[in-house]
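Over in TrEMBL, the protein carries these features:
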{"type": "TRANSMEM", "residues": "A:17-34", "note": "transmembrane segment"}
{"type": "TRANSMEM", "residues": "A:115-132", "note": "transmembrane segment"}
{"type": "DOMAIN", "residues": "A:135-314", "note": "domain 'ABC transmembrane type-1'"}
{"type": "TRANSMEM", "residues": "A:139-162", "note": "transmembrane segment"}
{"type": "TRANSMEM", "residues": "A:182-209", "note": "transmembrane segment"}
{"type": "TRANSMEM", "residues": "A:261-281", "note": "transmembrane segment"}
{"type": "TRANSMEM", "residues": "A:293-310", "note": "transmembrane segment"}
{"type": "TRANSMEM", "residues": "A:331-348", "note": "transmembrane segment"}
{"type": "TRANSMEM", "residues": "A:423-439", "note": "transmembrane segment"}
{"type": "DOMAIN", "residues": "A:442-622", "note": "domain 'ABC transmembrane type-1'"}
{"type": "TRANSMEM", "residues": "A:445-468", "note": "transmembrane segment"}
{"type": "TRANSMEM", "residues": "A:489-517", "note": "transmembrane segment"}
{"type": "TRANSMEM", "residues": "A:561-589", "note": "transmembrane segment"}
{"type": "TRANSMEM", "residues": "A:601-618", "note": "transmembrane segment"}
Amino acid sequence: MSATAVGSPPRVKLPRWAVPAAAAVAFAVGYVVFRGVGTLPHDDEAGTFVALTDAREWVDDNKNANPVFLYFINYIRLFIDGLFQTFETVLHALGWPGLLGVMGGIGWLAGGWRIALLGVAGFASFGVLGVWEHSVDTLALVATAVLLSLLAGLPLGVWVGRSPRLRRAITPVLDYMQIMPTFAYLAPMVLFFQIGAPAGVAATIIYAIPPAIRITALAIEQVSPTAVEASASLGATRWQTLFKVRLPLARSTMTLAINQTIMMALSMVVIANLIAAPGLGSDIIKGLSRENVGIMLPAGLAIVVMAVVLDRTTMAAARQRAHAGLSLLKLAVAAGIAAVGVGLAYALPPEFPSALELQMGGPVNEAVRWAERTWYPVTDALKEFTTRLLLNPLDGVLTTAPWWLIAAAVLAFAFWAAGVRPALTALGCLLAIALLGLWEHSMQTLTMVFVAVTVTLAIGLLLGIAAARSPRFSAVQRPLLDAAQTMPSFVYLLPALALFGATRFTAIFASVIYAVPPVVRLVEEGLRGVPPTVVEAALSAGSTPGQLLRKVQLPMARKSILLAVNQGIVMTLAMVVLGAMVGGGALGYDVVSGFSQRTDFGMGFAAGIAIVLLGIMLDRITQGADRRPSPQKRKPI
Amino acid sequence: MKIRLLAGLLTLGLAVAGCGGAKVEDKPSSAAAPSGSQSAAPASGGGTVKIAINPWVGYEASANVVAYLLKKELGYTVELPEIKEQLAWEGFETGDVDVIIENWGHPDLKKQYIDEKKVAQTAGSTGNKGVIGWYIPKWMVDKYPGITDYKNLNKYADLFKTSESGDKGQLLFGDPSYVSNEDALIKNLKLNLKVVTGGSEAALIKGAQQAQEQKKPLLFYFWDPHWLFSKTELARVNLPPYADGCDADPKKVACDYAEMDLDKIVSTKFATSGGKAFDLVKNFTWTNEDQNAVADDMTNNGMSGEDAAKKWVEANTAKWQAWIPK
């Protein structure tokens, strides 16, 4: 039945909504008829899970005998640990004045006194927030992970940029690394690298290396072919061309790669702490188990500040002109600033003066308690409304419909929206999920993702349009978006828990906060990208602002908006696991269980893979829609 | 140049660790020990003790008091890495963990790590009695007579309905790492309830606090000792009483959780070479009230673990004097 809906292109000229509408009716009828048949209920002890758990046990038992461990993995661990400890020792040995000085020096080199001042003030705020020690640990962890990511990622990126074949091979791997929920590979990390900093660094690298490779490859590809040709015709060897032409020309984009790697690494700080890596994450986890936002907020703010400082510093370095170079004078000034700091380290007390520390725990907790008490009736009603009206019905349909009907529906929709290849990929992903034994939980997760993405888009469009219209609004909104994206979500989970209870809605709330910023940015950029001449033409033709938006700006920004949908989905999926800690359940909960109960290892790992499969499915459908000409413009044949 | 540096560091690592391959328990510091052995002997004569911090506050309270005494009375350095229960047991094998100060049962882990791998052993009871159970806010007991008897739960199941649990009553559960018989209990006692996975301790506590304040019915998984009992009045639902062996088959459990003697687990290495630190850990034993007092200071009075431990230690000299090895 589904095949007919998909496969027969109408010969007669039908209104363009006819085919989708007919398909929708067909699926509705199919659902009513076959409801409850061919569902795939969840089983905690599915064969795939048991097999994976057994594999884990085997590795665990043979860790001390297997040569792979004895001569390879354990050395990697020792090497990472050594590197981390070196960073940690050096950074702590600098003392707080020394580190401030060094940061000032680096800032001066990267972007002059403004950046230097930002660096010093930002790092000083770690002390003021009372989290100096943990901030330095986090810095050491991030530094280790970023250094290793770049050492591996930059050369690989250069290679990928030169070889399209390698690019095709590596792209799905990078996709996988970015969508795979970090929680899902924490358990394997612990298995291979034990608990502690090395496993934390390794997990961070997995998450942080894809942008290093991707952006470097892009930078190398973008180098103008004329420059390369000119260099080759002058008789330069391939290595000379690479080092004297390609790399210098790609320099500023490659700095962006470093920037993104640092940002990604910072977002792993809290997660890495779950496997006993040291740093700011420990305050956040501690706050979570003590119901204390006052403990979490300083650590969360420190992470935001660290992200802002490192971001602005690397971006400033990227903006510098390639040939400005490092003059001796500049180096001398930077060294001078650093030396002053290090010198002061001997004169000043080694611990950050506690008189300067801000005690914010009490008032913050008071404010949170007040909000929890006062807002509860409103938030509770909002939650009930969304859950009963949107979540439960959708959840019911997806979990009681036969699996083949859903698969057919996805196939049809993907074909309509994106074309043949994405449709087949989507179908493959769904079948793999069914084979993994995670169908029911995947459908529940899909429901949450669907609702979260819808809400994210609604808010994102609204804010994006507002920002595109008013530069002032945009300027006010920007730092808030930055904070929403870098603030570890755990910090706002506690108040959310009190306001909404442990429910799927809470999980959706968390993912919306996380996913809105990139959507707003993309929408704003898309709208701003509409050529002013077009806008003027529409206005002079008498369009109202509303018409202008609906008929001109939004359609012309379609590409950006579709990309925003795509990003919204990826970001929402990234929050599925975290959402499970506040009542989200489904796949996310399976992943958390797999991490904390060794008998559930297999289920957790499989659930991680299922999340990736869902991600690839949704990504291909939206990206396909992006590349394809607007379906509304396609004429029925 | 970077690549040369990397290669150099790698060779160095290989050379330092010798050619016998690196074992799981190897550490960069221990590998370098022969060359820098003088640094391994601190002036205080102690050493480093690593007490894992499991994710609940009562645990942290015990760990902090022991850590405080180890530092102040015996001159040890103490590390408190935060690790979930099961991972902490793995730490015994790798040397990342010396002590788990409050262990809730875990017969499977005991079998694996104590009996089979022989990397850990028990160090006696903490004196705390641990009870897991189903709880409701106190106001419900006064309003709905007989609700604390499991036989009446079906009668009141409607009260616990939420948008998460559909047409059944909701039983809120916490972190997936907790010991749990919930699904079996519901099935075997034929209760009209559904487990809703809260996912964390925070989910349970916030739920309980709002249930008390907003007078919302809530049935949830919880445990004693916990600081929440000093802040929010809770009542326990009586399931069929525990009898020896009634929880032998996890699928057929139809009885309440056993009252557990919480015990301390230490790594075998620490037991043999931990000296006075091990003796102190072994002697450590206190009551639920002691623990709740420290945990309450940490949670609700804004004290750091160390300050709360200090306060308790200063007020209870007689108790801890008995733990200090002579």
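All positions are counted from 1 along the displayed chain.
Cβ coordinates come from backbone N, Cα and C, glycine included.
Proximity of distant same-chain residues to the transmembrane segment (A:423-439), defined by a Cβ-Cβ separation under 8 Å and at least 6 residues beyond the stretch ends, is recorded for 39-40, 42-43, 46-49, 403, 406-407, 410-412, 414-415, 587, 590, 606-607, 609-610, 613-614, 616-617, 620-621. Counting residues 6+ beyond its ends, the transmembrane segment (A:261-281) has Cβ neighbours under 8 Å at 88, 131, 134-135, 137-138, 141-142, 145-146, 149-150, 153, 182-183, 186, 189-190, 195-197, 199-201, 203-204, 207-212, 299, 302-303, 306-307, 310-311, 314, 486, 488, 490, 595 in the same chain. For the transmembrane segment (A:331-348), the list of distant contacts is 94-102, 104-106, 108-109, 116: same-chain residues at least six beyond its ends, Cβ to Cβ under 8 Å. Residues 96, 99-100, 103-108, 280, 283, 298-299, 301-302, 305-306, 308-309, 312-313, 316, 337, 351-354, 356-360 of the same chain lie 6 or more positions beyond the ends of the transmembrane segment (A:115-132) yet place their CB under 8 Å from a CB of it.
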